[in-house]
Amino acid sequence: MQKDTKRNFALDVLRVLACYMVIQVHTGEFYYIGPIGDVIKGENAFWVDLYNSVCRSAVPLFVMLTGYFLLPVKDEPAQFFRKRFTRVVIPFIFWCIAYSFYQFFRGQVDFTTACTNILKIPVNFGTQVGHLWYVYMLMGLYLFAPIISPWLKTASRKSIELYLGIWAFTLCVPYIHLLFPDILGECFWNGTPMLYYFSGLLGYMVLAYYLRTYASERKSWNLPVGIALLVVGYFITWYGFHERLSTAEYVPQLEITWGYETINVAMVATGIFLLIKNIRIKSPDSSCGKLVTDISIKSYGIYLIHIMLLNLFYDLLNNLSDSAMIKIPVIALCTFITSYLMIKALSYLPKSKYIIG
């Protein structure tokens with residue numbers, strides 16, 4: 001468990017918000033994703049788009065928070081990875097095993113398959129616990145963090161801006177591909193085209209480091225720029241989903257503007273970050289302040305457990321209304337609150353850090 005010292009309240013708020021948004025995204029999936037990855041059309045999909053286009057920024061926000069606090073890495077590699085192993089990997093393995101037997105008890109897999117899924121943990125997450133992909137990605141970023149840190153320590157502001165500019169261009173590639181299927185050396189025998197090494201979620205970590213280094217203090221431009229990025233990015237994200245909903249047969253065709261590595265989702269994430277990063281609280285020791293801090297500290301555990309509780313509340317509350325307008329926020333909030341309470345209870349167990357992080 002993280003120690004509650006010298007905490008940044010604004011970024012605790014941001015982490016709590018991102019944690020809730022992830023749960024709302026997964027709640028919405030019940031209402032537009034069919035059993036074989038086909039698109040369920042209709043009014044419910046409209047509400048999913050309206051609500052969750054902003055929530056697609058949750059994963060980028062988590063990655064930005066990682067970069068904000070982590071880069072540049074100050075520990076020696078052995079010490080750095082030992083901390084990450086205790087904090088991230090051991091709880092991840094615990095919940096992978098828990099989800100394997102959870103699937104068995106729900107009748108989704110037989111006992112042999114459940115045990116086989118446990119053995120496959122070093123290879124990949126189980127197909128029915130898709131949210132665990134995030135931890136593999138996070139571990140990849142951890143592996144690269146000590147490598148990129150020496151460059152960040154010595155790089156000039158313009159050098160970092162050059163990297164971020166090229167990275168921003170790679171975020172436009174999914175849309176360029178709609179016109180030109182192969183660009184800049186892409187072909188079936190080349191998996192690393194020209195800008196491959198500038199692409200990916202690592203850019204969000206570097207962006208957060210840049211904002212902390214050069215824009216950590218409250219600036220007059222934070223509010224207008226943050227609002228502009230959020231509004232424009234949200235509109236692109238929403239509109240792309242809306243326009244493709246009538247023609248897309250399968251989810252990958254529908255979610256082009258929902259990708260984490262798209263310029264519009266990056267705009268939403270950056271806008272939210274700018275708007276929240278300077279929030280202050282007069283009394284961090286107030287009940288509200290302590291609650292936000294505690295949820296933030298337990299956000300990793302909440303992320304790991306929430307699918308179990310989401311399925312439960314979907315089964316209990318799906319008949320509450322005919323409209324996803326009501327069901328999505330109600331189910332998401334119930335899942336979020338109960339996940340926190342469950343992780344809070346688990347935190348009192350001895351050695352709980354190996355379960356909840």
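The first residue you see is number 1, and the count goes up from there.
Glycine is treated like the rest: Cβ placed from N, Cα and C.
Taken straight from TrEMBL:
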- 10-342: domain 'Acyltransferase 3' (DOMAIN)
- 12-33: transmembrane segment (TRANSMEM)
- 53-73: transmembrane segment (TRANSMEM)
- 85-102: transmembrane segment (TRANSMEM)
- 133-152: transmembrane segment (TRANSMEM)
- 164-183: transmembrane segment (TRANSMEM)
- 195-211: transmembrane segment (TRANSMEM)
- 223-241: transmembrane segment (TRANSMEM)
- 256-276: transmembrane segment (TRANSMEM)
- 297-314: transmembrane segment (TRANSMEM)
- 326-343: transmembrane segment (TRANSMEM)
| Counting Cβ pairs under 8 Å that sit 6 or more residues apart, are there three or more between the transmembrane segment (297-314) and the transmembrane segment (164-183)? | no
| Tell me, what is the mean pLDDT of the domain 'Acyltransferase 3' (10-342)? | 94
